[in-house]
Amino acid sequence: KTSTRTRCAFEVAARDQGAGVTYLESSASQIGHKESIKDTARVLGRMYDAIEYRGFGQETVEELAKYAGVPVFNGLTNEFHPTQMLADALTMREHGGKPLNQTSFAYVGDARYNMGNSLLILGAKLGMDVRIGAPEGLWPSEGIIAAANAVAEETGAKITLTANPQEAVKGVGFIHTDVWVSMGEPKEIWQERIDLLKDYRVTSELMAASGNPQVKFMHCLPAFHNRETKIGEWIYETFGLNGVEVTEEVFESPAGIVFDQA
């Protein structure tokens, strides 16, 4: 998958530590075309000390990890975004001013994919109060929920899933969201998602529903918060929305900490 923040973060971090970096783009390499993932893993593992993979299938990064013989970092798949969780946990610790196991946060929107899944597991592992606010059909899979609940029993985390966005955000310190249509999905899906998720848009009213005047807004980016992108303008012209999952007012407010998070 394409990348701005994840690729830059890995490359800057590697070079800060004195490591060399090679970027292999799928369209300019043989990965998955003329050479299997298994064979690619065994070649790259002999040349490099570590591999970061960003793509669609979780099974691909797991196959790389199985055969490479070196550490493999998941830079994002459809199912998980673990390196983003490191950034999110650090950001909540920095801006929350208290231990993570005393911190509460909500994720509102489409919770079936990498951010919803990862935030649920993150909150469970760190003993946090984590809320998912989404239509029931857009919750994480039963397997992900069961895994999170099992971890929560050991860590003392509190897990709540609700279709009521106001209930989800009540009393939290942080409100997270993500785009409603993921990379690779067709434009035709937008109308369906807007109809499903319009009540989960992060507005000033939803922020106020937390009852916490210090509540912060988080988003892994990129965000559709205005008309300043080609897609943002297309959404406005097609559906009349200036900003989709979050309004410009919230995104640019002092509550927004998305650039520290990024």
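For all residues, glycine too, the Cβ spot is worked out from N, Cα and C.
Annotation comment: Swiss-Prot describes 3-7, Gln30, Arg54, 81-84, 219-222, Thr247 as carbamoyl phosphate binding site, evidence class similarity to another entry. Every protein chain considered, the tally of other Cβ atoms within 10 Å of the Cβ of Arg7 (carbamoyl phosphate binding site) stands at 15.
Annotation source Swiss-Prot lists L-ornithine binding site at Asn114, Asp178, Ser182, Met183. In the three-state DSSP assignment, the secondary structure recorded for Asn114 (L-ornithine binding site) is helix.
Taken from Swiss-Prot, the feature site 'Important for structural integrity' applies to Glu94, supported by similarity to another entry. Glu94 (site 'Important for structural integrity') falls within a helix when secondary structure is assigned with DSSP. All chains included, 11 other C-beta atoms sit within 10 angstroms of the C-beta of Glu94 (site 'Important for structural integrity').
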(message) I want to verify one value. Collapsing DSSP to three states, which class is Arg54 (carbamoyl phosphate binding site)?
(response) strand
(request) Would you list, in sequence order, the binding-site residues among Asn114, Asp178, Ser182 whose CA lies within 10 Å of the CA of Pro82 (carbamoyl phosphate binding site)? (result) Asn114
(request) Return the residues near Pro222 (carbamoyl phosphate binding site), defined as same-chain residues 6+ apart in sequence whose C-beta is under 8 angstroms from its C-beta, sorted by sequence, else 'none'. (result) Thr4, Val179, Thr229
(request) Give me the non-local Cβ neighbours of Arg5 (carbamoyl phosphate binding site): same chain, 6+ apart in sequence, Cβ-Cβ under 8 Å, ordered along the sequence. (result) Leu221, Ala262
